[in-house]
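Undergrad: Reproduced below are the annotations present in TrEMBL:
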- 798-812: compositional bias 'Basic and acidic residues' (COMPBIAS)
- 54-125: domain 'Cadherin' (DOMAIN)
- 126-234: domain 'Cadherin' (DOMAIN)
- 235-343: domain 'Cadherin' (DOMAIN)
- 350-455: domain 'Cadherin' (DOMAIN)
- 456-562: domain 'Cadherin' (DOMAIN)
- 568-671: domain 'Cadherin' (DOMAIN)
- 798-821: region 'Disordered' (REGION)
- 1-20: signal peptide (SIGNAL)
- 683-710: transmembrane segment (TRANSMEM)
- 836-857: transmembrane segment (TRANSMEM)
Amino acid sequence: MDFPLLAVLLLLLCARRAVPEQRAVRFEMREELRPPARIGSLSNGTVGARTTSFRLVSAATPFLRVSETDGSLMLTERVDREALCKRSVRGCVLALDVALVTGERFELVRVEVEVLDVNDHAPVFPSAELALEISEAAPLGTRLPVDPAHDPDSGTNSVQSYRLTGSGHFAVETMTRVDGVQYAELVLVRPLDRETQETHLLRLEAADGGRPPRTGSTNLTVRVLDSNDNSPSFERPLYAVELPEDAVPGHLLLQLHATDPDQGPNGQVVYDFGKQAGAEVRRLFRLDRRSGRMTLGNTVDFEEQAVYEVDVQATDLGAIPAPPTICKVIIHLQDVNDNRPEVSVAPVAPAPDGAARVSEGIAIDALVAVVTITDRDSGDNGRVACNLQGAHGHFRLRRAYEGSYAIVTAEGLDREKISQYNLSVVAEDFGTPPLRTVVQYVVVVTDVNDNAPIFSAKVYEGFIEENQLPGTYITTVVATDPDIGLNGEVSYELLDSETNTPSRFAIMNQAGHVYALQSFNHEVTPRLELRVQASDRGWPQLKSSAMLVISVVDQNDNAPAVMQPVLQNGSAEVPLPRDAGPGYVVTRIKARDADSGSNAQLTYRLAEGTESGFSIDQDTGEIYMSRRVIYDTDEEPRVTITVNDNGIPSLTSTVTIRFALTEGAPSNDNYYSDGEREEPGDWASAALVLIITLTSSAILLLVGISVYFFCGRKRKNQTRAVAETQDPADQPYTEKETNVVSLISNQTTNVFDTHTLTTRVNTGSPDTASSDHYQPQLYSTRPITVWKGNSMVTVAARDPHISGKDSGKGDSDVNDSDSDISGEGAKKDYSTYKGLACRISTSWFLLDTLCFFFHWISASMSSFMLQISLDQNKPVVVLFTSEKGLQCKILDQDMTFFNNVIDYE
């Protein structure tokens, strides 16, 4: 590297390191300067060009002001040095603490302005005429002290010399006291002769050292006294006394003693302060005239004056007193720790209440306030230690210079956690005992927009019923912002989550209430997703978002619409084979409801046509034959069907179905079955059926137990007698029977055979109502599935031995063909059946459960019979006991018994 470049870099580095964090800048100004006057500028060679502001952080002074922009130091009031600093030997200095702020950094500068003395005062003697006395026998060199002239100026502008005129017997010498005051002493240089000259008139002139010098004078009258042999004499010409500053008045300082060898009054000595003793000395000290006892008259303060020089003279009481003898008493005050440290705290950003204002975004080690500590005591009594309490580790004290500390940030601040700090500045000196001063200081943390609004939930749900009027209230969203003021004021906005544009809803700007601006149709818009945006009013503005999901609640505003068959003017024509038997499905009504939920659940009912032999499945809408009907040639059967939804109120659609009779055998695959109700893959319905089945099983179990206890026990004692006396014909199907499972499983040909059934047919004519005739008809057998044990078995669904005639009195009527097990000529009166007889309605699905239950209770009962109806218009199962145990007979839909009997093992 080039040597000159290296030298420059080293110079810059050293210069940078030489810049202290705290510095003192000193200015000078003369007193009596007329304001406003510019004393100097802090930006001239004091700081870098990046400094942006200057802040006065010490206690304000009425004389000086600092410009925050350019650092100019201005005089605002006239300064009188003598009034401000009196006769301070340390000089007269005005001190300020100024913070030079650059961005987030600061530099603390001690600014000292020395007030220079101007010789604006002339020396002044206490009196214009002063009288002195001297014995004519006084030896040469005798000194006569003269009260000093007073000049309030300091330094060379104070009294510097004295000059004596008017006599050749005396000379003047300028003396300096221990407090620095210049005073004059007349020195006898020629012998005196009272008879020749009794009075000497002199002029004493005092001059200061100003340019030009100022002078003051007084007239001295020296009277020559007649000779007195001896003057009093002190034991010592100089006494030194130490006095604690906390001594109370009356404290003995010194016991003076002077002697005079003369006799009588000429030998009696009295004491008094010398001529040069000022008023302050006479106020503070007392001197007993007779005893020479010197005591403290008033309290003294070491901090005001540390040493006093007192002239004490002793004079005899002769008629012509001898010249007084003078001794000096030097009183040194001893400092006592009687002053507590004085603490002042000046904030960088002052507030009317005196507290410091600090932004929570302030950087670490940033200046908050300046602490100035003074102690008027000296030595260890004036040395002070300072510490900071209550800062929670977020602030610390940093020593700036002697007697000054800076409160700076130690960590980042968070107003949301701590908004105000109550600091305690503790200053304690090293005296014995130590004195302590505690100053409470409040630092208020101002808010910065550093927190975005926070929603109480990430996703809100709202509901509105369709077809509601605009302005309908939906829900309320809530977002909070821990900031304060404008930084914590939250406003809301609704936006479409997809397009990010204003939505079809309105939200109150401050409260968060959401309202609809239009009506909604559930069938068109069942659900909407909106984005709720919360923004504060701070700078920079912070935002946050949440999701609002609004569900449009369906109302039952759509009636069911029939989709199949196709309607014309509310009706449709459907073909119907004349030979359609019970269970034949003629057609299926398919309807759709645009609503949802329960409003779209449809129920199909026959409003008209039930008496014509038609039924409808209320769930699937299948119209099937409930019984065989013989129609006239020109007859056109019709039914009226209502389709209702489950809404509130329920809406209904009506359709009329006309049946066109056709010739030909109906299809075997078009018969109504329970299994058709379940659509493939409808697992939810299957689960519901399972739950209902289990519940029904429990209920039937309870019913069975009740039947057992309330019916079976009553007839228990009669069972054996009835069995012995009963007609064998009354025991149903105890003759030779065939197991249908074996029949079906061993069948090698077509299971479904065609049989000829001779049926009595009524022509329907009133005239021929009694002339019933028999005619052969062909019918097809079809399989019926029943439960046996734990499995399903299939049996033939037609038996010609039982009549198909129905009494029309209901399934439970006695001697009805539904219950006739022996045909037309062998009817049984089951009212005389002696065993347990009951009738229960259930379904195929629960048949196995019932069979198992009654197989269990049949072990304790000699006989019983149970007739079970499997749903409406379905086959009937008869359970009864026989010699082989519990057996089952199945009746077909035309109420005829099958040939086969199932043994339930």
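Glycine too: its Cβ is placed from the backbone N, Cα and C atoms.
All TrEMBL annotations are machine predictions without curation.
I'd like these features described in context: how deep, what's nearby, how far apart.
TA: Confidence over the domain 'Cadherin' (54-125), given as mean pLDDT on the 0 to 100 scale, stands at 82.
Summarised by DSSP class, the composition of the domain 'Cadherin' (126-234) is 3 helix, 56 strand, 50 coil.
As a summary of secondary structure, the domain 'Cadherin' (456-562) carries 4 helix, 51 strand, 52 coil according to DSSP.
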Undergrad: Among the recorded stretches 54-125, 235-343, 568-671, which has the greatest number of Cβ pairs closer than 8 Å to the domain 'Cadherin' (350-455)?
TA: 235-343
